[in-house]
């Protein structure tokens, strides 16, 4: 008979065709292609190459066909020679690491990004200005050369620092390498050998046992009770059985293939390697992350926006005054020098270093709070987050199944789900509990890994699946040494749990002093266990299982199931000694023992409980205007129960289904607007258009996506971003990588996360805790606030530095301040105070504000610019000019005499220039007085910048509400300002190249009234903002 050639089953492994898990009603999980997403991505990203197809038919082949295909022997394995040839041909069995940016490129990016460009332009303009001056005067001052060199040096030093910070985070990341197994047990040359897993090749025969990770894609040849955890690949949380049986066309669903890097939870398996390294399924998926581009961070956009503003203002003012200078009959070359001077005066030279240090300080603070920041700019992004799409397992929950409730003696008891299980309050004296605890202990294949004698019970590593681990630890805490109990009740026969039977059964020799007999114990799906029972134990005695007791059972079962908990039923049967003597041989294939008319003992339910810190964290998110969306592969009932327990769904919120149930009407009849919450399944999401998803995201504040695959996160993230939201996404699986890269900020789990997820993320949670994200949000908001304050502080003095050039050109005064003097303000006295603002504590309303809108709430907005430049900036300029005019008046030049004096003042051959009192001044004397004027203007700005620094501690609250001495680093900054000012004025007075002279002490106090005025003025501004929220004053004076 002609045999039809097996059809190759194509599995698309990308964010374009999704793998969606749906329940067909027969208990089997199905995966369906999400074509909508494919079309959207094709239209949107034009990335046909994003689709990668894996053609796999090995699961359909017989053992003989496999041997022929791979040239191997199932019993003897490959020869070492052949294995070496294949290794040379295919390369090592490891995933190619993501393409790394060369270190030199990373370094150069730090040199030319954001503020750096502005400083480089300033440096080149300085050199051009010197060139112009030198062309007409060979003895031209080298000030502009020095200024250009210093600006270049600032960029280089700051770039080195930023590069070092990011390299440090990268090095920490490289230490995470938990996903790939290191060793593999292989049969070669008829011998079992342990070799590095990287040396595996196709055709190798490998053996894997419970607790090991699968070292490659393998086709199962034989297995004993093997179950694997595929969650990092498919998002499937339930353990999946593995056998040599071909059960499904789809290789992702068939039982006879195990996938690279998934975990064997229990049992043993022997298999043939069919794919290695990048050719494995997980290798294909891991490569998808490179198909989704990194998005520019909000803070990078803000800095770019700020650079454009500063450059625009500088160039506009420069050109304006170039035109004025030319119209006032200045030489064109002189006018160009003025133009360059004005542009350079507008460049905030110290801000680049300040921003870099501020981001680094915050990153260090966050590392102490278990948030590892890979990209410094990601810190602020977290602060502007408006939607958090969070995993359930391990992030919102403790990532450990825990016994939550017990039902026996017709009562539901609440178990302690805290970290240590120490406070169990149910009745442990009941004889029914004694029987139930024995079943829980014996009908369990989980075991503690050896060598953990001193490790607390709840932290011990276990070989076994999550449910059995929960039962083992529960028994160990309450009953003591479980392994000792099992030794005393030796297991003589066992039927492992499987999806067909839906029960697990074991038979044990009893440690009965009155005579040996056998006890059969069973656990499994409650309805299946009840079917096998004719009696029920109540208060230690067996009673007939009648309709009344069955109804009580069903009520309890439905109540526990409705809580989203996984419920198991337990029963037992003492086998009669006369029918089953000590020498009896049990045969599990022949089933030569009874499996009906058993005694039902009780129910036990388990749940992965919420972390204790999460409800408070979710409440903080609500106050902060952040929408928290749960995205999980779990059952909708479980997801909804956890969402309610942590506050993602409020206690009084109802879904459409809840309303339908309450009113006893069909779901279609419910007005969707009456529902405040929504639980959307992956199956529903698969059939939704983008518009329908957008409608759900826009209309519901409380949303849970359940039964979704990790790939569907990409659709959800894109949907959120279409709402103009800044989206943070958590992920741990390989399949989460595209969503992590697409999100504004990707957050990987440090403990449970795969390497692919960590590589794609911007931030890694070292404790996998949702509360750490909220801490990060607060830190991110704080950094945005503090950057605003720093920029406002830095911009204020720009007007005071710019006005002297404008007055110099228009009014013709002797130059009030030189470019080198300005540099000492920007890179000397102001650097430490600017950095000190990074240490400022949060204002009281920081987590009660709505998230900032990325297109409207800018880092540098109109109120900030207007207030800094035209309010405080002009006050500073007036105060500094007051000191300048005071010095000149004291020396004999009254203000009216200085007007239009510039041309005569600067003539080298004029040595008899008369002041207001007729005294004659030589060129050298005038130059020394000019340097004294520089120093006076410098001191005037310095004194007022102290007041400016203090007022920048808050934007809304009074300084006295915030605490004047709460941030001690501010006072370090003020002290540094004064010390640097004193050193420049007195210690280096003889160094005329710096253009500073020794200043009389009284000149330091001339600007103090202006400094006090600045403080009082700002306190009044903040008072009116607090008194009249939403008013014109609030909108225009709150920056």
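Positions of Cβ are set from backbone N, Cα and C atoms, glycine also.
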Note to self: Using the topological domain names from Swiss-Prot, determine whether residue 141 and residue 839 lie on a common side of the membrane.
What the structure shows: no
Checklist line | Which listed span Swiss-Prot calls transmembrane segment, if the choices are 818-838, 902-922 | finding: 818-838
Note to self: If you look at how Swiss-Prot annotates this chain, which of 126-146, 147-167, 168-188 comes out as transmembrane segment?
What the structure shows: 147-167
Next item on the list: Kindly point out the range from 304-323, 364-383, 384-403, 404-423 that Swiss-Prot annotates with transmembrane segment.
Entry: 304-323
Item checked: Mean of the pLDDT scores, which run from 0 to 100, over the topological domain 'Lumenal' (987-1001) -> 74
Next item on the list: Determine which recorded stretch among 818-838, 859-881, 934-953, 1002-1022 has the most C-beta pairs below 8 angstroms with the transmembrane segment (788-807).
Entry: 859-881
Check: Taking the transmembrane segment (304-323) as the reference, which of 818-838, 859-881, 1002-1022 gives the largest number of Cβ pairs under 8 angstroms?
Finding: 859-881
Check: Cα distance, residue 958 (phosphoserine) to residue 732 (Mg(2+) binding site), nearest Å?
Finding: 44
Notebook entry, point to check: 732, 736: which of these binding-site residues has the highest Cβ count within 10 Å of its own Cβ?
Noted result: 736
Next item on the list: Sort out for me which stretch, of 103-123, 818-838, 859-881, has the most Cβ pairs below 8 angstroms to the transmembrane segment (1002-1022).
Entry: 859-881
Next item on the list: Residue list, the transmembrane segment (934-953) vs rest of chain: Cβ under 8 Å, 6 or more residues beyond ends.
Entry: 789-790, 792-793, 796-797, 800-801, 804, 815-818, 821, 824-825, 829-830, 833, 836-837, 840, 872, 875-876, 879-884, 886-887, 959, 962, 964, 967, 970, 973-974, 977-978, 981, 984-985, 995-997, 999, 1003-1004, 1006-1008, 1010-1012, 1014-1015, 1018-1019
Item checked: Rounded Cα-Cα span from residue 736 (Mg(2+) binding site) to residue 958 (phosphoserine), Å -> 45
Note to self: Counting only residues 6 or more past its boundaries, what in the same chain has a CB within less than 8 Å of a CB in the transmembrane segment (103-123)?
What the structure shows: 147-149, 151-152, 154-156, 158-160, 162-163, 166-167, 300, 303-304, 307, 310-311, 343-344, 347-349, 351-352, 355
Notebook entry, point to check: Counting only residues 6+ away from its ends, which parts of the chain sit with a Cβ under 8 Å from the topological domain 'Lumenal' (808-817)?
Noted result: 321, 324-325, 328, 330, 338, 801, 880-881, 884, 888, 898-903, 905-906, 926, 929-930, 933-934, 937-938
Checklist line | Tally of DSSP helical, extended and coil residues in the topological domain 'Cytoplasmic' (954-967) | finding: 4 helix, 0 strand, 10 coil
